[in-house]
Amino acid sequence: MNEDQAPQYRLLVKEVEEPELVKGTTILDQPPSLRLRPWQWWILVTLNITFLLIGQCGAVILGRFYYDQGGTSKWMATLVQTAAFPIFYIPFFFFPSPKNLPVTTTAAAILDRPSIPMLSLIYFFLGALLAGDNMLYSIGLLYLPVSTYSLICTTQLAFNAIFSFFINSQKLTPWIINSLVLLTLSASLVAVNSDPTEHKGVSKGKYALGFICTLGASTCYSLLLSLMQLSFEKVLKRETLSVVLEMQIYTSLVATFISIGGLFASGEWRDLRDEMESFKEGRVLYFMALVGASLAWQVSSIGVVGLIFVVSSLFANVISTLALPLVPVAAVLFYRETMNGAKVVAMLLAIWGFAWYLYQHYLDGNEPRVKEMSSNEVFDESSS
């Protein structure tokens, strides 16, 4: 190998041997997936997916139980979605930040960290958006059957693709467009075949309000995910475990305080004692329903955080959407809701749309491997 080929050789070696890092991070800052064996990685992914699916299904079922047994406070239903956020402090004890970072790395991390006013503004805005999103979900669940509510929520994946295109510069591939069409058809089928009489005690106006609020909540949640991703990329510039947990903790803290403020400002707090006394299953199950729903939401969030840390934000959103078509099945088992032909077709369309989206994620995940194989081929040709 002559001297002219030496710089090219060193460049190729660097491209092959070094993992691609997010700007502003170090190897020690990277997710443990870079240092785990394949079977360990799969165990972590499976565990987080289980947390997410069980938590999300349990939270929706318990939320519906709260309303069915006499609960009426929309702000209380909103509050329980974030009130158990202190549980996120537990991972800090099990996965502490590395203490043996080099001095240069520590200094670079401090200099690259955004200012406290900037962080406060980001957390407050995202927390307020989260509180509004939770309120919309609470209204939707109050006025809609669980199966209808969940099928409408599947549209969040379609909205996420749209917001990701405009905010996160994600490409709209044919697979994603197919997913958008199928999810839109699924929601439209539920809307056209909606029957307010299947949910007792709800007028047509409230049923329509529930439909609109649930659709709005899906839109708001997708916007929230895209803005969080933008914050990680442009402001925080890292997606380490501690940064992801801080995002969850502080946005949930803001959302919790806003929900408490709404509970008192609306006057609903005055009715909580009567609500507890008149709860059909008694006081104990009243508290258990609220505490259980709160813990279920956080278990789901732990699964999301774990998937963001081990895989990616996009994958976490895809898996969270996977739980939504499963909730109608749980609703049939627990509440004996009717699954008419339209709902079955809508659920199949939602699953089909999800499959297209997941396939695109699979293709995106293979791109780095293809590039690495191409680099290896160039390296082999240069060294021969």
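Using N, Cα and C of the backbone, Cβ positions are placed for all residues, glycine too.
Residues annotated as transmembrane segment in TrEMBL: 41-63, 75-95, 115-132, 139-163, 175-195, 207-227, 247-265, 285-309, 315-335, 342-359.
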So, do the transmembrane segment (285-309) and the transmembrane segment (41-63) meet, by the test of 3 or more Cβ pairs under 8 Å (sequence gap 6 or more)?
-> yes
Where else in the chain does the transmembrane segment (75-95) make close Cβ contacts, counting only residues six or more beyond its ends and a cut-off under 8 Å?
-> 59, 63, 66-67, 130-131, 134-135, 137-138, 141-142, 241-242, 245, 248-249, 252-253, 255-256, 259-260, 262-263, 266, 268, 272, 290, 293-295, 297-298, 301-302, 305
Across 41-63, 139-163, 207-227, the most C-beta pairs under 8 Å with the transmembrane segment (115-132) come from 207-227
